[in-house]
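To start, the structure under review is shown below, and the notes come after it.
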Amino acid sequence: MSADLPEWYREGYDNIWLPYTQMKTAPDALPVVGTDGVYLELADGRRLLDGIASWWTACHGYNHPGMKEKMKAQIDRMSHVMLGGLVHEGALDLSRRLAGLLPGDLNHVFFSESGSVSVEIALKMAVQFWLNQGIEGRARFVGFKAGYHGDTSAAMSVGDSDDGMHKAFGGYLQQQYIRTLPQSDEDLAELKQFLRENKDSIAGVIMEPLIQGAGGMKFHEAEILGGIAEACRKADVLFILDEIFTGFGRTGTMFACEQAEVVPDIICLGKALTAGTVAMAATVATDRVYEAFLSDDPEKAFMHGPTYMANPLACAAANASLDIFEEEDVLDRVKKIEGHLTQSFAQFRDKPGVVDVRVKGAVAVIQLERIEDTAKLREEFVREGVWIRPLGDVIYVTPALSIESAEISALTEAIDNVLNRSSWNDSNQ
Ligand SMILES: *Cc1c(COP(=O)(O)O)cnc(C)c1O
């Protein structure tokens, strides 16, 4: 380990276990000492332009003054208080605001600390929804290939069963119905039939609307989303949308489901909910789902309660982020970002090894035939001064929604430089 790395790095590195990382062979992680706007500041003074906004969280960029001011004020008042038997202003304000922003009657907000947990909660809610009405046996879910819903067990079980992240756990996970995402009317008719035939064992269908994120940044049309929603309605199975990636402006509307005019029974929110500051997620249910839990029987209550649920500091962050959505025309900026990305990514279509280029909202994707070594490719991007994490066979950017035009150009130029140097994909030649 290099001697010019900071002391905290040299002394602590052996004690940390990093995500999705082969600790024996992976290149050492980069020491970050600060963030600023769309930049990461490294210990050696370098600044990297962040193309992925810290796993799609930092929607307003880092260190936004409005976020900082309101979070600091909240720390002075109260960082945390349990939600069991107690409530606080931030949680109620945030619940009311989310219910107002979400389409239809998604009115009942259940908080948690991570996206995966919000998915676990959605699944449990769906199972208990049927049980509370005296309907037994509806405890399985339909999920889709290339779907990703998190790393906890039930969340893994409804995601793509063959993806590299979850393959090892097949024997441990609950069996679900994992199907190919419909692409045509014919596929939709097949799904409809499948739901009709198996509805007695199905609690619900879960999917990511418009973009399957971690499973490869795969897009589908609003009509497909609408068709799946319709199939669920016809078969009377619950429709669960995981907007942990797509929510909060990422696809051009506040929530992706708006583009298909679809209202799910349950929606999961996370990631950009607190604009990349502190951990928080939410599972929001419609009146119909919520009402199935109202009873004189205490056992029909929803049996879940994360320790840090509705953490006041996280609520303050989420409320501050919603203030920014109101004060700054963020969605209008996404339109401009989409235009810029569409125009500048078009040039990549003709590069060797490029299979597809696609843009939706502030998500731009270059699909390659394959990427031999994503870590090596990542290092090439760092050399160009940008932080981009290729995923499977795609290079993608999901920048902060506050990114300036010149910064988008810098990102694009860095990608162009790397694609022109094919050395990172040598064994592909
Ligand atoms: C990131 C993500 C999750 C998991 O969220 P965590 O906060 O990492 O647990 C679930 N679903 C989707 C669509 C995601 O993008």
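From the backbone N, Cα and C atoms, a Cβ is placed for every residue, glycine too.
Those TrEMBL annotations? Automatic predictions, nothing curated.
What TrEMBL says about this one:
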- W55, Y148, K271, G305, R389: substrate binding site (BINDING)
- G115, S116, D242, P306, T307: pyridoxal 5'-phosphate binding site (BINDING)
- K271: N6-(pyridoxal phosphate)lysine (MOD_RES)
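Structure coloured by features recorded in TrEMBL.
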residue: W55; record: substrate binding site; Cβ contacts under 8 Å, 6 or more apart: K271
residue: G115; record: pyridoxal 5'-phosphate binding site; Cβ contacts under 8 Å, 6 or more apart: H149, G150, D242, I244, C268, G270, K271, A281
residue: S116; record: pyridoxal 5'-phosphate binding site; Cβ contacts under 8 Å, 6 or more apart: H149, G150, D151, T152, A155
residue: Y148; record: substrate binding site; Cβ contacts under 8 Å, 6 or more apart: G159, D160, D163, M165, E208, Q212, G213, A214, G215
residue: G305; record: substrate binding site; Cβ contacts under 8 Å, 6 or more apart: L83, G84
residue: P306; record: pyridoxal 5'-phosphate binding site; Cβ contacts under 8 Å, 6 or more apart: F111, S112, E113, V117
residue: T307; record: pyridoxal 5'-phosphate binding site; Cβ contacts under 8 Å, 6 or more apart: M82
residue: R389; record: substrate binding site; Cβ contacts under 8 Å, 6 or more apart: I52, T374, R378
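Less than 6 Å separates the Cβ from ligand 1 in the case of G115, S116, D242, drawn from the binding-site residues G115, S116, D242, T307 in sequence order. Of all the binding-site residues given, namely D242, K271, the one with the smallest number of surrounding CB atoms inside 10 A is K271. DSSP assigns G115 (pyridoxal 5'-phosphate binding site) to a helix. In the three-state DSSP reading, D242 (pyridoxal 5'-phosphate binding site) counts as strand. In this record, pyridoxal 5'-phosphate is bound by G115, S116, D242, P306, T307; the longest C-alpha to C-alpha distance in that set is 22 Å.
Here the binding residues for substrate are W55, Y148, K271, G305, R389. Their largest Cα to Cα distance works out to 34 Å.
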